[in-house]
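The next block holds one structure in the form of structure tokens; read it before the comments.
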């Protein structure tokens, strides 16, 4: 019998390979789209639509969390520096995922953020484990990063929207600066 797992979904493209691997491990996946960090609002809904479409096509359930950018701003506690800001963002999203797992009676959770080589994998794992202990859950982790390139390929093959930055306004600005600098080389 498949084990149920609540999977925090950052976006559709990251969910492609991720859900494939979880199915191979005999998990029954319930997606949870909770991303109040995404800016601007139009970007949030574009990513949500992509995730919805993917989950519908895969015949998987997707629970949608509330979009409340003020919650994200409050969680950052004024932190604007890349590493510290990201840890607080991970904490917010994984905390809500753990709470949703408890609410739904699901005893394990994970996040598609674990597939991205651009995310702090050590911080994600530490936060996930800490929350699992706090809420008496299991945090599922494995080296999903090795599937990142395949996830991008799968997303392109499915015609998915591929975003150019992590999600928040800070990352949007940082990504734009990097792209403009690399264009000048």
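Each Cβ is built from the backbone N, Cα and C atoms, and glycine gets one as well.
These come from TrEMBL:
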BINDING   10, 11, 86, 89  [4Fe-4S] cluster binding site
DISULFID  166-168  disulfide bond
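Mapped onto this structure are the features recorded in TrEMBL.
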residue : record                        : DSSP (3 states)
10      : [4Fe-4S] cluster binding site : coil
86      : [4Fe-4S] cluster binding site : helix
166     : disulfide bond                : coil
Check: What other residues of the same chain, not counting 10, 11, 86, 89, have a CB atom within 8 A of the CB centroid of the [4Fe-4S] cluster site?
Finding: 35, 37, 90, 93, 113, 116, 119, 166, 167, 168
Checklist line | 11, 86, 89, 166, 168 as recorded positions, winner by CB count within 10 A | finding: 11
Margin query: Please give me the CB contact count at 10 A for residue 10 ([4Fe-4S] cluster binding site), counting all chains in the structure.
Written below: 26
Checklist line | Cα-to-Cα gap, residue 10 ([4Fe-4S] cluster binding site) vs residue 168 (disulfide bond), nearest whole Å | finding: 12
Note to self: Distance check, please: Cα of residue 11 ([4Fe-4S] cluster binding site) against Cα of residue 168 (disulfide bond), rounded to an integer number of angstrom.
What the structure shows: 13
Next item on the list: Determine, to the nearest whole angstrom, how far the Cα atom of residue 89 ([4Fe-4S] cluster binding site) is from the Cα atom of residue 168 (disulfide bond).
Entry: 9
Item checked: Integer Å distance between the CA atoms belonging to residue 166 (disulfide bond) and residue 86 ([4Fe-4S] cluster binding site) -> 10
